[in-house]
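What TrEMBL annotates here:
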BINDING   Gly10, Ala11, Gly12, Gln13, Met14, Gly15, Asp33, Glu92, Lys97, Ser119, Asn143, Lys274  NAD(+) binding site
DOMAIN    6-183  domain '3-hydroxyacyl-CoA dehydrogenase NAD binding'
DOMAIN    186-282  domain '3-hydroxyacyl-CoA dehydrogenase C-terminal'
SITE      His140  site 'Important for catalytic activity'
Amino acid sequence: MSIGTIMVIGAGQMGRGIVQVAAEAGKQVRWMDISSAMLGKGIAYLDQQLERSVAKGIRNQDDKSAILSQVQLTASLQEASECELVIEAIAENMSVKQALFRELDEVCTEGTILATNTSSLPITEIAAVTSRASHVIGMHFMNPVPVMRLVEVIRGLETTQTVYDSIVQLSLELGKTPVEVQDFPGFVSNRILMPMINEAVFTVYEGVATAEAVDTVMKLGMRHPMGPLELADLIGLDTCLAIMDILYEGFKDSKYRPCPLLRKYVKAGRLGRKSGQGFYTYT
Ligand code: NAI
């Protein structure tokens, strides 16, 4: 059965993209964030994205208005009870996510599916704090969501086949290619990507090369569309550090040790594009 109503929680870079693709696919979306300022920025961003598509002739003003009218902002988690699916895209932190899932479990009706866009945290552990582990699943979009076609779909230990099938179908309806991945730290994408980014940070930390030089080597030498440090700035250095910590903690293997320079930047508030400075400066 096709999912028609979705609550997206989080209005950061991932939440924005998820709301956009869901509304463009004709879904009714409730959008919640603890910060009303982030929600305000999020809806302005969506308006701007749609306006661009009008300017390019991809859609007209009526289409744009119709899409915007499908998105309702809310400050109340209670409204999740009116949705068939909740997609969580808040901070990459187990206790913060578990607290939210506990609350969602209380307000949602029995059949509501709770999906997390976590980059690396175990789905089974998030599901364990709810009374509906069968209805908790990982739906990991890539950044930027409207552009990237992959969705990693991760079952927790108890996730049912019906819930898995619904998320696969929804991913297809959103124009994405779902790939099944098992529930291990970092899944596939970040288990491979993050150690590369971390190693790039180590090369800067050890004075092997500048950030620009590292990125140039990877772009011109390996045909990567973005250098690893540009990509780290796009993802958010706080998110990169959180993922490395989760890999390190989850596998207890020193090969995942986060680079001290990454931690230092995060402590200094240099989070990448979202804070205006990371390995590069953004105006
Ligand atoms: P972000 O830092 O841009 O946005 C997070 C948003 O969540 C903020 O607007 C914040 O106000 C809100 N928030 C925090 N706690 C909340 C709560 N309890 N209730 C409601 N809203 C709350 O983060 P971003 O980059 O959008 O990441 C979100 C999730 O998506 C994380 O789990 C991250 O690992 C994952 N992810 C991130 C990717 C990336 O490239 N940044 C890629 C794929 C997944």
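Cβ coordinates are placed from backbone N, Cα and C, and glycine is handled just like the others.
Here the structure is a predicted model, which means the values were calculated and not measured.
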Site extent for NAD(+), whole Å (max Cα pair distance, Gly10, Ala11, Gly12, Gln13, Met14, Gly15, Asp33, Glu92, Lys97, Ser119, Asn143, Lys274): 21
Contacting binding-site residues, sequence order - Gly10, Gly12, Met14, Asp33, Lys97, Asn143 vs ligand 1, Cβ under 6 Å: Gly10, Gly12, Met14, Asp33, Asn143
Intrachain C-beta neighbours of Gly10 (NAD(+) binding site), sequence separation six or more, cut-off 8 angstroms: Asp33, Glu88, Ala89, Ile90, Asn117
DSSP-derived helix, strand and coil totals, residue by residue, for the domain '3-hydroxyacyl-CoA dehydrogenase C-terminal' (186-282): 66 helix, 3 strand, 28 coil
Under 8 Å by Cβ from Asn143 (NAD(+) binding site), same chain, sequence gap 6 or more: Gln13, Met14, Gly17, Leu234, Ile235
Mapped DSSP class for Lys97 (NAD(+) binding site), helix or strand or coil: helix
Reported mean pLDDT - the domain '3-hydroxyacyl-CoA dehydrogenase NAD binding' (6-183): 97
Three-state secondary structure, which DSSP defines for Asp33 (NAD(+) binding site): coil
Neighbourhood of Gly12 (NAD(+) binding site) by C-beta distance under 8 A, where only residues 6 or more apart in the same chain count: Asp33, Met38, Ala89, Ile90, Lys274
Neighbourhood of His140 (site 'Important for catalytic activity') by C-beta distance under 8 A, where only residues 6 or more apart in the same chain count: Asn117, Thr118, Ser119, Val151, Glu152, Val153, Ile154, Val181, Phe187, Ser189
Assigned element (helix, strand, coil) containing His140 (site 'Important for catalytic activity'), judged by DSSP: strand
